[in-house]
Amino acid sequence: MHVLNILWVVFGIGLMLVLNLKFKINSMVALLVAALSVGMLAGMDLMSLLHTMKAGFGNTLGELAIIVVFGAVIGKLMVDSGAAHQIAHTLLARLGLRYVQLSVIIIGLIFGLAMFYEVAFIMLAPLVIVIAAEAKIPFLKLAIPAVAAATTAHSLFPPQPGPVALVNAYGADMGMVYIYGVLVTIPSVICAGLILPKFLGNLERPTPSFLKADQPVDMNNLPSFGVSILVPLIPAIIMISTTIANIWLVKDTPAWEVVNFIGSSPIAMFIAMVVAFVLFGTARGHDMQWVMNAFESAVKSIAMVILIIGAGGVLKQTIIDTGIGDTIGMLMSHGNISPYIMAWLITVLIRLATGQGVVSAMTAAGIISAAILDPATGQLVGVNPALLVLATAAGSNTLTHINDASFWLFKGYFDLSVKDTLKTWGLLELVNSVVGLIIVLIISMVA
């Protein structure tokens with residue numbers, strides 16, 4: 001019966017795509033119809049299905065909704081105050097277009113390493129859109145390399161939760177994960193961020209409406225470059241500082257609680273938003289009504305994106321509750337292939353099925369560890385644990401689709417169709433993942 005659930009999941013995903021692409025049904029409605037179909041076909045009783053839907057919607061949006069809203073407000077204030085224009089103009093004037101691409105990759109790597117991915121994306125998106133507008137190039141030509149860098153850093157490197165969990169599961173040396181991770185990251189980002197866009201054809205898309213200034217920007221009253229770049233960096237500064245402070249702080253002490261409260265994603269974003277109220281608003285001579293108008297405009301514009309992300313969470317949770325992850329793991333564990341490829345493949349399949357990066361990685365880690373662990377020594381046999389971490393992490397950073405919140409975040413923020421999102425977000429993640437595995441295999445042969 002569990003094997004049959006794979007068929008129901010495929011049917012549900014196909015149904016959503018048909019409703020959205022052929023019949024032009026709103027993505028939120030199509031996702032909910034797909035979730036209901038999968039749950040009922042998989043034999044879930046109606047009350048369990050109702051609980052799953054509420055859990056999927058609530059758990060997905062619990063923290064993410066706050067992050068998305070605060071990030072959208074910061075982005076709107078950056079545009080309306082001219083801060084985004086100041087950043088774009090300064091970078092292009094000093095670096096030129098060639099090095100601007102490199103700069104957004106570096107910023108993406110830093111944000112992806114320091115923040116949860118959703119926070120990193122929300123901070124990156126308005127920057128790359130305005131820089132691209134200033135350079136008169138399609139914004140996706142900068143968005144793709146920036147996002148490729150952020151997702152790679154987020155997936156491969158501690159202190160992000162997925163890599164940390166894998167390091168613990170495999171007993172890997174964290175220093176070697178960083179060293180090998182750099183070797184994996186560079187070609188992955190080059191291929192997904194710089195080479196892939198050359199093969200994607202026309203990337204020209206209109207600027208998302210909520211990132212257009214409601215009124216002409218006063219070019220004589222722009223924030224300085226330093227102030228303009230400081231605000232989007234505030235969450236990264238706070239979170240990096242928290243990570244460093246935790247090296248010395250004792251867990252559950254008052255000092256630890258205060259630092260980790262401030263360093264949590266919602267609070268760090270809230271602090272950045274309040275600073276934006278001042279530095280992009282009142283400090284530039286705008287009254288509080290001007291600031292609140294920007295706030296309300298951003299919230300209204302991002303509302304549908306949030307609802308669609310929540311509906312995607314419903315489908316994801318419904319799929320997870322069918323037990324499909326365990327089914328895929330059981331089927332794959334009977335193969336006789338390289339542990340690196342096996343770890344990557346199991347993670348990819350479960351990620352595709354469930355939309356859960358950390359869950360897919362940890363499921364693969366459990367299966368692989370059981371297969372190659374020496375019970376006498378407690379050590380993995382015949383593999384490099386650090387490379388196994390990276391192979392599994394690369395599998396979690398792969399092609400995703402309608403059951404993944406990040407898919408809908410990319411689609412909604414950049415105002416793309418489902419088809420265009422699969423072509424851009426989907427392919428950049430797939431290239432990232434495949435190149436990552438290839439580099440891991442090459443290192444395993446020479447290290």
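Note: Cβ is positioned from N, Cα and C throughout, glycine not excepted.
According to Swiss-Prot, Trp256 and Trp408 sit on opposite sides of the membrane. Helix, strand and coil residue tallies for the topological domain 'Cytoplasmic' (396-426), in that order: 20 helix, 0 strand, 11 coil [DSSP]. Counting same-chain residues at least six beyond the ends of the transmembrane segment (1-21), those with a Cβ under 8 angstroms from any Cβ of the stretch are 27, 29-31, 33-35, 37-38, 41-43, 315, 318-319, 322-324, 326-328, 331, 353, 401-403, 418-419.
Mean pLDDT of the predicted structure over the topological domain 'Cytoplasmic' (282-294): 93. Using the rule of three or more Cβ pairs under 8 Å, pairs at least 6 apart in sequence, the transmembrane segment (427-447) is not in contact with the transmembrane segment (29-49). Looking at which of 55-75, 127-147, 176-196 has the most CB pairs under 8 Å to the transmembrane segment (295-315), the answer is the stretch 55-75. Outside the transmembrane segment (104-124), and at least 6 residues removed from its termini, the chain residues within Cβ reach (under 8 Å) are 64, 67-68, 70-72, 74-75, 131, 142-143, 145-154, 157, 160, 185, 189, 193, 232, 235-236, 239-240, 243, 265, 268-269, 405-406, 409-410, 413.
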